[in-house]
Amino acid sequence: MDVKTYPVLEAAKNRTLVDNATYLKWYEESVADPEKFWGEHGKRIEWFEPYTTVKNTSFDGNVSIKWFEDGLTNVSYNCIDRHLKTHGEKTAIIWEGDNPYIDKRITYNELYDKVCRLANVLKKHGVEKGDRVTIYMPMVPEAAYAMLACARIGAIHSVVFGGFSPEALAGRIVDCESTFVITCDEGLRGGKPVPLKENTEKAIDIAARQHVMVNKVLVVRRTGGKVPWAPGRDVWYHQEIATVEPHCPPEKMRAEDPLFILYTSGSTGKPKGVLHTTGGYLVYASMTHQYVFDYHDGDIYWCTADVGWVTGHSYIVYGPLANAATTLMFEGVPNFPDAGRFWEVIDKHKVNIFYTAPTAIRSLMGAGDDFVNRSSRSSLRLLGTVGEPINPEAWEWYYHVVGAERSPIVDTWWQTETGGILITPLPGATDLKPGSATRPFFGVKPQIVDNEGNVIDGPADGNLCITDSWPGQMRTVYGDHERFIQTYFSTYKGKYFTGDGCRRDEDGYYWITGRVDDVLNVSGHRLGTAEVESALVSHHLVSEAAVVGYPHPIKGQGIYCYVSLMAGEVGSDELRQELVKHVRSEIGPIATPDKIQFAPGLPKTRSGKIMRRILRKIAEDDFGSLGDTSTLADPAVVDDLIANRQNRG
């Protein structure tokens with residue numbers, strides 16, 4: 001296949017922290033002697049007591065991952081206190097509100113004050129080291145304060161995306177037995193209020209029925225809207241922080257003490273609590289932030305993600321603040337008030353580094369070039385993408401139209417589980433190919449295997465594994481180490497299996513081809529097909545459901561649902577709408593089905609397993625090559641699904 005290559009731009013080459021020769025040298029050192037390499041780079045953060053052990057990891061047997069394990073440090077101290085002498089008056093966070101006329105800047109000195117006060121409020125209400133605190137917030141600075149305050153006192157935060165439903169929030173509260181929730185009266189998205197406190201109330205009731213009692217809710221006032229209130233349990237953030245001291249000593253944390261839990265979708269059942277720890281995570285998040293984005297002091301850096309996702313954790317909060325950067329937090333959406341919003345924000349705040357998702361790029365590309373061209377974007381020098389593979393057409397538009405051919409694009413591949421970027425170009429070192437994540441970051445050892453687990457060398461197409469640990473890697477599934485081993489290390493023994501398909505070309509560049517398990521990637525966010533199926537089946541008229549992904553021009557993957565109804569029930573447009581609403585209320589708007597096809601039967605093997613491969617083909621209108629159907633219990637079901645495929649909406 002003929003692929004255009006874009007050589008490293010002269011401007012990027014001239015200011016880069018890492019040129020190609022340095023990349024090759026460091027990479028070789030990092031995989032040949034990881035102990036020595038990370039022993040050196042672990043010193044990029046400050047330690048109260050230095051580590052003497054660097055790497056103690058095993059991908060075999062009981063799988064154990066430990067980095068810098070005898071060192072003592074604190075993430076909040078590294079993101080704030082250590083910068084105060086030299087960068088105290090520097091802007092730490094630029095907050096751009098949903099309303100284009102509202103913004104504010106928070107300096108590192110102010111950040112220290114806010115985080116210490118909030119840490120003292122947590123302590124006042126009995127939160128101790130190791131306790132789990134749930135954060136269900138919109139994109140406001142207080143969300144970052146809450147994360148850093150937890151880290152300061154050694155509490156473990158579990159941030160839940162503000163777009164998730166009360167049921168999804170409750171599931172996450174119950175799984176980690178969290179008794180303290182931080183939320184807002186309401187969020188604002190695209191000019192519309194989001195009922196966060198009301199959702200929290202419902203979630204607390206659901207959790208209580210499962211014997212997990214939330215005994216304190218700290219509420220940030222964002223809109224001033226009327227919200228349900230439980231005196232004694234609920235307290236206002238603004239009142240509480242006025243009652244405490246503006247200083248709070250950072251807890252000395254072991255490198256392997258938990259920092260946060262973040263729930264992510266799997267191919268089976270309920271979301272997994274991905275557990276990240278303190279030292280290795282911060283070393284990796286800060287190092288990738290510096291070198292992948294070629295961050296120099298004074299750069300204005302904007303990642304458009306939400307703190308409810310791992311990208312927000314690593315590349316809005318922890319990575320940038322550990323590097324004393326100015327990080328922009330955006331409350332709004334790309335198309336409000338119109339599709340020029342991103343580009344206006346770039347001009348307004350003179351953004352140098354811009355990191356967003358292919359979904360947003362595709363949707364803004366569809367809105368036309370005029371919205372882009374009415375801004376200058378002259379401050380931009382680096383573009384990035386994250387969340388899903390970017391199609392070459394969108395890459396080219398991003399490079400030529402948004403970047404005006406002046407900014408390299410770092411197409412970054414990583415996961416909630418990896419803690420930070422694993423495969424990526426480095427702007428001053430890597431020639432670019434549209435659609436390729438290019439080469440591994442330092443210390444990352446990718447391997448492509450076939451379905452039987454045989455290693456394929458050279459140009460290859462197969463399943464992407466990583467053969468050795470890196471400091472940012474998740475340590476376990478919260479409360480379920482067996483599930484951790486089963487999910488990531490049992491498919492290909494002794495290797496971390498990413499769940500992604502991958503192609504490596506003749507230049508050694510990696511091209512991510514998408515999930516190979518039953519996980520959807522919708523608008524850059526992971527969603528398990530099992531989650532959507534169980535939401536559908538919980539509706540009283542549904543007897544069975546199967547969910548697959550199909551190519552979607554904006555979202556990357558759309559959600560296609562095959563639904564079998566209870567005996568005697570008939571599908572209708574009204575029922576279709578009702579099911580869409582039902583799924584949204586069970587999981588959240590992110591899980592909105594794009595197409596629902598009523599199906600009297602589903603294609604199953606004689607052992608009762610649904611043949612999703614066939615369902616995917618029908619969803620994609622590719623039923624000319626269904627492959628081997630000899631194991632089907634009832635082949636007529638497939639003919640019926642094909643004949644009835646117009647019955648989708």
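Think of each number as a place in line: the chain as shown, counted from 1.
Using N, Cα and C of the backbone, Cβ positions are placed for all residues, glycine too.
Residues R189, G190, G191, K192, T311, S523, R584 are recorded by Swiss-Prot as CoA binders, and the candidate that the same record lists for that site, out of N335, N352, N463, N644, is N335.
Binding of ATP is annotated in Swiss-Prot for G387, E388, P389, D411, T412, W413, W414, Q415, T416, D500, R526; the matching candidate from R374, R377, R515 at the same site is R515. Fewest other C-beta atoms within 10 angstroms, among the binding-site residues V537, V542, are seen around V537. Comparing T416 (ATP binding site) with R584 (CoA binding site), their Cα atoms are 23 Å apart once rounded. Taking Cβ-Cβ distances under 8 Å and a sequence gap of 6 or more within the same chain, the neighbours of N335 (CoA binding site) are G190, R341, S363, L364, A367. Largest Cα to Cα distance within the recorded CoA binders R189, G190, G191, K192, T311, N335, S523, R584: about 24 Å as a whole number. Here the candidates are the recorded positions G387, H539, K609. The one whose C-alpha lies nearest to that of T311 (CoA binding site) is G387. W414 (ATP binding site) sits 15 Å from S523 (CoA binding site), taking the CA atoms of both as reference points.
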